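Engineer: According to TrEMBL, the protein has these features:
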ACT_SITE  E134  active site
BINDING   C91, H133, H137  Fe cation binding site
Amino acid sequence: MALLPILQYPDPRLHTVAKPVKVFDQALQQLVADMAETMYDAPGIGLAATQVDQHIQLIVMDLSKEKNELLVLINPKIIAQSGSQEYEEGCLSVPGIYENVTRAEFITVEAQDATGKSFRLDADGLLSVCIQHEMDHLKGKVFVEYLSPLKRNRIRSKMVKHAREIERNSY
Ligand code: QAP
Ligand code: CO
């Protein structure tokens with residue numbers, strides 16, 4: 001097991017489009033375990049492979065209170081959606097920033113688990129928001145891209161300034 005570094009916005013690698021997973025081998029199981037460990041350590045409720053610089057269609061999530069219900073979504077596809085809801089989102093790649101985003105309220109997702117087995121999932125509320133947020137990462141999209149250019153640029157400047165401070169403090 002290992003903790004993986006999480007790419008920080010505005011890292012251009014966050015805009016990479018992820019490729020489908022074709023082989024469900026030992027290396028994939030290791031990446032799933034490492035991403036889960038990284039997410040629990042953060043702590044976060046969702047992490048896409050894109051955020052750890054692995055550009056394949058893999059998401060780990062855990063919305064349970066006890067943090068013992070790991071959900072692994074591989075090659076996810078939204079096959080139905082309806083309604084709309086606003087939720088204040090955050091992201092491990094944009095720490096300290098929380099903004100409202102409007103997304104579909106109900107979704108039906110088709111995906112594969114870590115062994116390659118296909119399954120379907122109906123989601124609403126936070127689960128629905130989290131799946132859509134993480135699936136955006138796989139398309140190279142970060143939630144701040146839903147905000148106005150003004151807000152986004154302010155967030156970008158803040159992140160760049162913060163990264164410089166961390167860099168400076170490590171000398
Ligand atoms: C995505 O986000 C999400 O700013 C998962 O300082 C978030 O796990 C989907 C985190 C909200 C739906 C609603 C964020 C941790 C974790 C931070 C996360 C931070 C520390 C975010
Ligand atoms: Co995110």
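Glycine too: its Cβ is placed from the backbone N, Cα and C atoms.
So where do these features actually land, and what's packed around them?
Structural biologist: Same-chain residues at least 6 positions away in sequence with a Cβ under 8 Å from that of E134 (active site) are, in sequence order, G46, L47, A48, I59, M61, L73.
Non-local contacts of C91 (Fe cation binding site) by the CB criterion (under 8 A, 6+ apart in sequence, same chain) comprise Y9, I97, H133, V142, F143, V144.
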Engineer: With every protein chain in view, what's the tally of Cβ atoms within 10 Å of the Cβ of H137 (Fe cation binding site), excluding that atom itself?
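Structural biologist: Other Cβ atoms within 10 Å of H137 (Fe cation binding site): 25.
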